[in-house]
């Protein structure tokens, strides 16, 4: 069978690799790249090194703040404008306290023994993301039930975002200092330049006790998305008469909810992803966790403040495309996760793979035969489907899916460069079999 053949090829590859290592070592010859590399053991400078890092450091919070100020209660029509010169629009102690309370709550929930332990490679974490979400929503529901004005943060959303940005900046500085003093596994792509290391992260898997920072940041991001959407829903109920509802607002919130639940429910499968395995944890990660909830819920914000309602036919079409994108995203991610954890599973016995000199095989079958990143395609389809409910009413709802798509397209090049650096000739063979990154016959 094909499975047995692949196992034999793996054994042959491993034997050749070991034999070649001995010959080269005996003759004091440096090992060539295809025999010595492991994923992430040779530095690959990304984002244009420190100049690109500097630009991105400024761009990430600036973009989120600019979008947040385009659509407010006092200015319901979305439009770009000059930022406020009143510092009170950005800094509010009570709002900052709310955000810090949210962060501390996520730290506590991520530190206690909720959920089972799981590991993949060097990543070890407790799968408590879904419990974090349920407990956080329970606390929010309790506060709302007892009369606390939890939706007041929407009137201070710019100050809330500022607090998130400052918290992310502080966390990134802590991680930079911690990464310089630890013996934990380092991010090989950190090149010693302090600005670049601050951005890309010095450590791959920073932990403090039982707290894993990668898991914490993921939960802050996705629980944050859910909270903001719930705030908009509650505010809509408060400001509209009984029986009045918004199908468009409900569509956007339900779509985001499915996206959030998927990430937190399938948290173990996330451990096999590029981000979990090979991304350092620095400013890029902390700022993404801080700003992404505000960016992804901009469509919710736009629909809420402009009272925009899409025709039913458009909601149906966007819903169909969203579900198709979700199916592609979840099916391809699950297939990849299972293959990485157990490539000898009989379900892959007839799957086409490429063997490498690292005793690993690259899957190039089913979803992963069509393009190299079908999960990215599904992700992009979901985000564009949500924004498309706004039709041609304004271009601003499309800023986030455009940025999101640009990030994923850029990531395809990053992954390709790292895989070429790691797998050498095997990667060349893989790219011959799977020629396209995202769109067959196009890209």
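Just so it is clear, glycine is given a Cβ too, placed from its N, Cα and C backbone atoms.
Unlike curated records, TrEMBL annotations are generated automatically.
As annotated by TrEMBL, transmembrane segment applies to 47-67 (among others).
If you look up TrEMBL, you'll see 87-108 (among others) marked as transmembrane segment. Taking Cβ pairs closer than 8 Å, the transmembrane segment (87-108) reaches residues 132, 136, 139, 153, 156, 158-160, 162-164, 166-167, 211, 216, 219-220, 223-224, 227 in its own chain, all 6 or more past its ends.
Distant neighbours of the transmembrane segment (129-146): 102, 105-106, 109-110, 114-115, 215, 218-219, 222-223, 226-227, 230, 234, 260-261, 263-265, 267; these residues of the same chain sit at least 6 beyond its ends, with a Cβ under 8 Å from one of its Cβ atoms. Residues or ranges marked as transmembrane segment by TrEMBL: 129-146 (among others).
Under the heading transmembrane segment, TrEMBL lists 158-177 (among others).
Annotation source TrEMBL lists transmembrane segment at 240-261 (among others).
Under the heading transmembrane segment, TrEMBL lists 281-300 (among others).
Annotation source TrEMBL lists transmembrane segment at 312-329 (among others).
Per TrEMBL, transmembrane segment is recorded for 376-396 (among others).
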Original post:
Do the transmembrane segment (376-396) and the transmembrane segment (158-177) share at least 3 Cβ pairs closer than 8 Å, excluding pairs fewer than 6 residues apart in sequence?
Top reply: no
**OP:** Sort out the residues at least 6 away from either end of the transmembrane segment (281-300), same chain, that have Cβ-Cβ distances under 8 Å to it, and list them.
**Re:** 56-57, 60-61, 63-64, 67-68, 71, 157, 161, 164-165, 167-169, 171-172, 175-176, 179, 187, 197-206, 213-214, 217-218, 220-222, 224-225, 227-229, 232, 249, 252-253, 256, 383, 386-387, 389-390, 396-397, 399-400, 403
